[in-house]
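What follows is a set of notes on a single structure, which appears directly below.
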Amino acid sequence: MLLTAAAVISGCALLAARAFVCSRRIMTKRIIAGNSELNEFMTRALQPLLDRYTPTWWTNSHIQCFLTFLVPQSPVKYKRDILTFKDGGQASLDWALEASVAMKSPLTTDSPVAIIMHGLVGCSQSMRSLCAEALAHGYRPVVFNKRGHGGLKLATPKLQAFGCVQDLQEVIAHVENIFPNSELYGIGCSAGSGLLCRYLCELGEKSRLRAGVLISPGYNAFDLFCGGKINPVYNFLMTFTLKSFLLRHKNELSQVVDVAQALKATSIREFDEHVYMKMHGYEDLEAYWKVNNPMRDVDNLKMPFLCINALDDPVCTKETIPYHEFSRKPNAMLITTAEGSHCAFYEGNFQLKSWCHGAAMTYLDRLREFNRSENISEASVDAVTAATA
């Protein structure tokens with residue numbers, strides 16, 4: 001009895017100490033952006049939201065990270081499309097259904113579409129809360145499940161390379177064909193943010209996405225996975241999930257990779273050497289990442305985009321953040337917080353909700369508002385010019 005009481009008292013004391021430290025600590029929250037009218041407008045719009053962000057007091061970076069697997073997702077239901085690519089491979093598009101959440105008004109044929117890209121071995125099931133937030137803001141969310149993800153078997157012995165945008169381009173063309181009057185936006189989480197960044201940088205002005213939001217991006221993937229900047233424990237855990245993913249498709253992939261050797265990998269680097277490097281015909285990882293690195297064509301970035309990073313992220317660590325790129329780009333914005341871990345950013349005491357989902361949708365809302373005001377201003381100038389001509 002005494003031991004139990006002592007344990008309870010000690011636990012309460014630790015929780016109280018954690019709460020006291022959190023209440024006294026000044027949260028480091030920053031917005032970094034290049035000089036432009038757009039970024040000035042967006043900073044004013046997002047600063048109040050950032051100021052209100054208060055991470056769950058009883059968590060740290062590791063607890064927040066594991067909560068992404070434990071906190072129940074919103075009860076969003078999907079309707080699935082199977083998309084066959086030009087090379088015969090297949091992926092699935094899961095469209096979030098309006099009936100899943102309470103909405104102020106129904107979606108229309110020209111409602112904006114949010115194309116959502118999941119993490120390393122994720123799928124639409126881990127994106128349901130983000131989809132619910134998108135629906136609540138009046139967007140039509142669709143999750144792009146990459147080849148072999150979301151319970152879909154591989155139609156060809158090929159997985160999508162980390163930064164290959166060909167599949168995404170075909171997905172976007174498919175969505176445009178269904179909703180030709182809708183504006184398209186991209187939201188990427190973790191590895192999905194790498195794919196989105198690669199698309200926006202490679203396509204530049206030709207991007208069919210009006211803007212992108214990157215949640216917990218890793219930026220230079222070569223430095224992250226091959227340069228030792230990822231936390232070694234998380235490196236090992238993520239490698240384990242990759243090997244589990246490979247096992248699900250071993251029959252289809254055994255003709256192009258040495259599955260037995262890949263299953264011996266203890267790091268993402270080793271796994272990539274045995275799987276993605278071999279599958280896509282690269283001589284070494286340096287050559288693979290030179291082509292697939294998300295930041296390869298960063299100078300070609302033309303569309304507005306927001307990146308959200310927590311400085312305590314144990315996966316995409318703070319050392320990878322290229323602050324200088326945001327300071328010099330008029331269309332790019334970076335939000336950093338002291339806490340939030342990897343794709344977590346949970347708020348609340350026990351009814352937990354991810355702050356970054358609301359931040360992502362608010363950014364897109366305010367961006368659309370800015371663009372509408374710009375269009376009205378241009379129309380007014382044109383009208384005055386025509387009247388005085």
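Every residue, even glycine, has its Cβ placed from backbone N, Cα and C.
The structure displayed is predicted, hence computed values, not measured ones.
As given in TrEMBL:
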ACT_SITE  Ser190  active site, charge relay system
ACT_SITE  Asp313  active site, charge relay system
ACT_SITE  His342  active site, charge relay system
DOMAIN    115-348  domain 'AB hydrolase-1'
SIGNAL    1-19  signal peptide
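A straight line from the CA of Ser190 (active site, charge relay system) to the CA of His342 (active site, charge relay system) spans 8 Å.
Counting only the Cα atoms, the space from Asp313 (active site, charge relay system) to His342 (active site, charge relay system) is about 5 angstrom. Cβ contacts within 10 Å of His342 (active site, charge relay system), excluding its own Cβ and spanning all protein chains shown: 26.
Annotation note: His342 (active site, charge relay system) sits in a coil segment as assigned by DSSP. Shown are the active-site residues Ser190, Asp313; the one with the most C-beta atoms within 10 angstroms of its own C-beta is Asp313.
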